Amino acid sequence: MYFAVISIFPEMFATIREFGITGRAVTQKQVTIECINPRDFTSDNYRRIDERPYGGGPGMVMMAEPLSQAIEDARLRASQHGCRVDKAHCPVIYMSPQGQTLSESSVVDMTEYDGMIILCGRYEGIDERLLSQYVDMEISLGDYVLTGGELPAMVLMDSVIRRLPDIMGDDKSAEQDSFVDGLLDCPHYTKPHEFAGMAVPEVLLSGHHANIAKWRFSQQVERTQARRPDLWQAFTPTVEQAKWLKALAKADKK
Ligand SMILES: O=C(NCc1ccc(CNCc2ncc[nH]2)cc1)c1csc2nc[nH]c(=O)c12
């Protein structure tokens, strides 16, 4: 999958290009992440990419011209990487507090794209005429205020890359589909057996895989009910999970 990120701070993206699972995906060429700096598309000596807002008010606004040339360059690069460069296959996405809040379901939908061109704002925002001319969708991380769109862009790319096929190894993706979606995670334990006077739940040492799976699922249910009643309300168990829930309810009655 191809990602072009348009940002005045391209160095920030080393965070996902050089570390962890996303870094490995880049090394293995399953993913391409190119950073395009709008400053490279300015024509004045000061390489201006921002100006005072018309109508007055605090802060600066990012100018349309350098960003439009950066987007055109990104489209050319995307097509050179084999992307069908249209809204349906390689959308221009603007990370913005005014956008749709990112969710795991929209992340999964986005894994279908050939690529995406991600626009990162700074200052007070971007000239509206650039947005109306080029942007296909706006995405927010949620209702809190950050200093720019770069971290949100990295969060978006990280979550999409993680859901691409052949990225997370077989076991992980299998776990992904069965019990994880919709419930909080269960507790995890590893060596040493004792820590701060606390041992590990016996069932995890039993080697009895069915009991271990049941215990983990019951922990997920318990934690989701306790910490995220909203998720629990929305949770729709599979046939398999419904059976286990019935068994858990019966066990509780004893
Ligand atoms: O670029 C981002 N933020 C930088 C930023 C912060 C503040 C302002 C100015 N807003 C003034 C205002 N808002 C409402 C009324 N008046 C503009 C841009 C960003 C991208 S996705 C995302 N998701 C969650 N939070 C975020 O900040 C972001």
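Every residue, even glycine, has its Cβ placed from backbone N, Cα and C.
Neighbour list (Gly142 (S-adenosyl-L-methionine binding site), Cβ cut-off 8 Å, at least 6 residues apart, same chain): Thr101, Leu102. Annotated S-adenosyl-L-methionine binding site per Swiss-Prot: Gly121, Leu141, Gly142, Asp143, Tyr144, Val145, Leu146, in sequence order, evidence recorded as sequence analysis.
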Listed binding-site residues with Cβ under 6 Å from ligand 1, out of Gly121, Asp143, Val145, Leu146: Gly121, Val145, Leu146
Among Leu141, Val145, Leu146 [binding-site residues], residue with fewest other Cβ within 10 Å: Val145
